[in-house]
Amino acid sequence: MLNKPVLVESLIVFVIVLSVHAVVWDRYSWCAVALAVQAFYVQFKWDRLLQLGGAVFQFRTAANSGLLPASMVIPLLGIAMKERCRAAGIVYFERFGIVVASTGMLVALFLSVIAVGITKPVPTNTCILTGVAGSVIIYTMKHSLTVSEVIEVLEVLLIFVYLSMILLYLLPRCFTPGEALLVLGGLSFVLNQLIKRSLNVVEGRGDPIDFFLLVAVVGVVLLGLFFTVLFIFMDSGTWISSMFFHMMTAVLGLGVIMPWLYRLIQRNPLFWLLQFLFQTHTRVYLLAYWTFLAASACGVVFYQNAKRSSESKKHQASTVTRKYFHFIVVATYVPGLIYDRQLLHVAAVLCLAVFIFLEYIRYFRIKPLGQTLRHLLSLFLDERDSGPLILTHIYLLLGMSLPVWLFPRSCAPKGTLSGAGALVPYSGVLAVGVGDTIASVFGSTMGEIKWPGTKKTFEGTMTAIFAQIIAVALILIFDSSVNLNSSYAWILASVSLVSLLEAYTTQIDNLLLPLYLQIMFMT
């Protein structure tokens with residue numbers, strides 16, 4: 001029997017796909033529609049595999065496979081970027097958008113083929129649909145991509161295959177198939193871009209903050225892989241292992257990551273970073289303000305743990321309590337978006353690196369903070385943290401930061417896009433910081449009418465839409481660079497569709513919702 005919430009989630013995704021391509025219909029639209037149709041059928045095969053335990057790796061079981069919503073994110077981002085850069089006359093990034101879209105389609109198709117291949121008996125109709133979709137995509141790629149671009153797409157696919165085999169084995173129950181597609185697909189693309197740019201360094205070409213993002217993300221992931229392999233052969237919880245962990249982190253950081261970044265930006269990375277952070281008085285004020293907010297977030301963690309100790313060891317943080325961090329993140333990002341987006345870009349990269357490093361310390365029980373972090377963060381666990389890693393806070397940071405990192409600056413000569421595109425950097429703030437937070441708080445406290453088949457409420461969704469519209473009005477008042485050019489109906493439709501998706505999806509909404517809202521705004 002078909003799962004009604006999954007059907008409604010799929011319908012919302014189809015509406016978003018058709019809405020995007022109603023504006024930018026071209027040859028890639030046929031590919032996107034074909035991919036969406038086959039992903040819709042294949043996701044039920046994945047769901048059945050997860051229920052029967054027939055998947056090759058252990059996935060998160062408290063959610064459906066999420067293949068359809070995840071499959072469409074990277075292709076739609078690439079298509080939206082292509083159209084924006086074509087309109088701006090930036091040919092290089094227009095071609096880059098085509099590569100992104102083609103890569104996303106091929107990686108999603110590969111994951112579908114895996115599901116079809118291990119399903120017994122072989123689903124004939126789904127195989128035919130997958131074959132047709134694959135033929136359409138490959139035919140379009142053949143007539144759209146140059147030889148070097150085809151090689152780049154295949155490189156990303158190869159990296160994705162190897163990363164999937166390694167990380168899904170090492171991190172059981174951390175992802176659904178859809179979340180693995182998004183996270184590992186994005187990571188594969190970042191790694192390939194870093195390798196490509198490292199081999200073709202041209203002095204003075206490229207923005208240092210983009211290189212900083214690539215090196216930081218790849219660096220912390222490789223660091224984690226190194227220590228995972230190392231601690232197979234030794235106990236990570238001893239003082240000797242902890243000292244070795246800190247020593248090797250310093251060696252790899254100063255001996256590998258720093259020289260790698262130096263090769264890309266052609267200057268000392270530490271001096272560049274210090275000069276960048278303290279370049280203006282505005283940046284100093286923002287850094288001081290963010291330090292205060294970080295201390296406040298730590299205060300909330302300590303206070304809630306003290307409350308747990310005094311009440312009950314089984315006490316868990318409520319939904320409202322967890323949303324405190326969403327409010328703090330909104331208060332962090334909004335001033336950065338208004339006053340200095342480049343500083344916010346770099347600060348978010350640093351924060352991501354720190355979050356992942358602290359998660360390594362917690363996971364490996366590295367002294368002296370490992371056990372303490374395990375105790376402090378266990379209070380904020382929910383059903384999505386079913387694997388060995390705690391990822392929800394990292395997903396929150398990614399959801400807020402990805403619209404800032406993925407904003408096509410080169411295709412926006414004045415630093416902002418026209419129409420609804422001006423709200424692209426605010427996608428995370430609107431979808432997660434405002435919409436998801438308000439929906440959860442009002443839905444859990446005052447909601448009575450539940451959406452069919454879910455725990456989410458009608459009141460929560462409607463309040464979230466209303467709150468996001470108010471937030472857009474406030475952005476117009478306080479950010480003079482935003483000019484919507486009467487695209488209010490499209491903004492309302494975008495916010496409404498993403499809010500409905502939040503009500504029905506069982507995937508990590510902190511990651512999925514901002515990307516879909518960004519896609520709608522960029523169209």
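Cβ coordinates come from backbone N, Cα and C, glycine included.
Here TrEMBL flags 12-41, 61-80, 92-116, 153-171, 211-232, 244-262, 282-303, 324-339, 345-365, 386-406, 426-446, 458-478 as transmembrane segment.
Residues 57-59, 99, 102-103, 106-107, 110, 141, 145, 180, 184-185, 187-189, 191-192, 225, 228, 387-389 of the same chain sit 6 or more residues outside the transmembrane segment (153-171) yet have a Cβ under 8 Å from a Cβ within it. Counted as Cβ pairs under 8 Å, contacts with the transmembrane segment (426-446) are highest for 458-478 among 12-41, 282-303, 345-365, 386-406, 458-478. For the transmembrane segment (458-478), the list of distant contacts is 338, 423, 426, 429-431, 434-436, 438-440, 442-444, 446-451, 484, 491-492, 495-496, 499-500, 502-503: same-chain residues at least six beyond its ends, Cβ to Cβ under 8 Å. Proximity of distant same-chain residues to the transmembrane segment (61-80), defined by a Cβ-Cβ separation under 8 Å and at least 6 residues beyond the stretch ends, is recorded for 3, 6, 9-10, 13, 16-17, 20-21, 24, 28-29, 31-32, 35-36, 39-40, 42-43, 46-47, 50, 97-105, 107-108, 111-112, 115, 173, 176-179, 181-182, 185-186, 189, 383-384, 386, 406, 501, 505-507, 512, 515-516, 518-519, 522-523. Same-chain residues lying 6+ beyond the ends of the transmembrane segment (92-116) with a Cβ under 8 Å from its Cβ atoms: 28, 31-32, 35, 38-39, 42, 45-46, 49, 56, 67, 70-86, 122-123, 126-127, 130, 133-134, 137, 141, 144-145, 149, 152-153, 156-157, 160-161, 177, 180-181, 185, 188-189, 408, 410-411. With Cβ pairs under 8 Å as the measure, the transmembrane segment (244-262) is packed most heavily against 211-232, out of 211-232, 282-303, 324-339.
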